[in-house]
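Take a look at the structure below.
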Amino acid sequence: MKFPARRSSSRSPAALVSLTATVSVSVAIFFTLYSLIPVTRADAPGLSSVFVGTMMAFVMGVQVFTPALVRRLSLRYVLTGSALLLAAGALVTGMAAATPTLLIGAVATGAGFGVLIVAGAQGVALLVPPTKLGRALGTYGLFTMAASALGSPAGVQLALTFSSPVFGICAFAAGIIAAGLSFGIPAGVGRTPSGPSVDNVDNSGESGESTTNAQASSGTERKPRTRPSLVANAPWLVLSLLLAAVVVLSHGLSSLPVLASAYGRAAVVVFAVQAGNALGRGIGGELEAKVEAGGAATTGAVLLAAGGVVGVLVGGSAAVIASGLLIGLGVGIVQTVTLHVAMRRLDSGPASVVWNLSVDGGLWVGGILWGVALTAGLLTAGVLAVSAAAIIIGAGVTAQLRRRA
């Protein structure tokens, strides 16, 4: 059976706009929560570590199931359901007065965002021709993180100016809007009757067709396409760079704002990190087209490491803001480049899973690590160590990608 109408409508620009808008609002809510607890409860860094650790554990725990959910329910309905769950989690977190309630909010927020963020990246590959995927991923990252750059510091400031419950109510309303925006995506995108997914991208980066379409066009019976081995084909060194980069990003979103609060600049630093990240996501797609993936990855690693060093070794309000901007810019470049590399090696669903697991693994590790580092007085040493690791891994990634070019 063919699905020509579904595949044709899935290439509509309006569908990609709806996808981007849904994810943009949701990312803004999530990253507000990621920064909110460390900033509003700076007197209890252990609690912020528990909250962020719990939230990120559920973000990662659900991601592996997302491609199967998309195949069964469609991209639209997976985005709708996950946005609603994220909204409920934000409301509970904002209203929470006790630790158990706070952790319930962390679970709901993490589970909703984990599904949504994988479905979003997979959706770009479903909605865009493979030849345009690199730049499309950069543009998608630019807009989603730009929304976060505006929404996340605004959410933190809202909670600081009024109260966490006021933020929770506003975040819940925004989540409902995000769920509604997903209805601009055609209902059948991503859904298959059974068997393999209808991903646009295979492990070589060429456009793919479903087994049923291939059979119909050839008139002969063929065996289903063998999926590439995740363990054998995943770009593990590239994903390691992404993990290290996001641990530094976590510093920019949690412990760096704590340092900036001494100057009354916590929300400004969160904005600088998010704005830099949005710009980096957009630059990453263009930079890769000009200097290849290896050169772009190295550029990102150097920028984020420089930002990490400036923030902990140079004092003053301007230094922490510049640190946040450099961290965001470097990590954004690394994110776009590594996602495109993953999608050239694997189908879009598995690629989105392993990429997002690396991102969220970095946020999880960082959320715990930086809370502990602040408590133990080891923040400077920790930031310098992770920044150095990013530089070393980035050099290895560049060498590996050039050998394979």
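Just so it is clear, glycine is given a Cβ too, placed from its N, Cα and C backbone atoms.
Here is what TrEMBL says about this protein:
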type	residues	note
COMPBIAS	194-219	compositional bias 'Polar residues'
REGION	194-227	region 'Disordered'
TRANSMEM	12-37	transmembrane segment
TRANSMEM	49-70	transmembrane segment
TRANSMEM	77-97	transmembrane segment
TRANSMEM	103-128	transmembrane segment
TRANSMEM	140-160	transmembrane segment
TRANSMEM	166-185	transmembrane segment
TRANSMEM	230-250	transmembrane segment
TRANSMEM	262-279	transmembrane segment
TRANSMEM	291-314	transmembrane segment
TRANSMEM	320-341	transmembrane segment
TRANSMEM	353-372	transmembrane segment
TRANSMEM	378-399	transmembrane segment
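Residues 16, 19-20, 23-25, 27-32, 35-36, 39-40, 94, 120-121, 124, 166-167, 170-171, 174, 257, 266-268, 270-271, 274-275, 277-279, 281-282, 284-285, 332, 335-336, 339 of the same chain lie 6+ residues outside the transmembrane segment (140-160) yet bring a C-beta within less than 8 angstroms of a C-beta in it.
Counted over residue pairs 6 or more apart, the CB atoms of the transmembrane segment (353-372) and the transmembrane segment (77-97) come under 8 Å in fewer than three pairs, which marks the two as apart. Among residues of the same chain six or more beyond the transmembrane segment (77-97), those with a C-beta under 8 A of the stretch's C-beta atoms are 19, 22-23, 25-26, 29-30, 32-33, 36-37, 66, 69-70, 104-116, 119-120, 123, 159, 164-169, 171-176, 178-179, 182-183, 185, 187, 190. Among the stretches 12-37, 49-70, 103-128, 166-185, 230-250, the one making the largest number of Cβ pairs under 8 Å with the transmembrane segment (378-399) is 230-250.
Here the transmembrane segment (12-37) sits apart from the transmembrane segment (320-341); fewer than 3 CB pairs are under 8 Å, leaving out pairs fewer than 6 apart in sequence.
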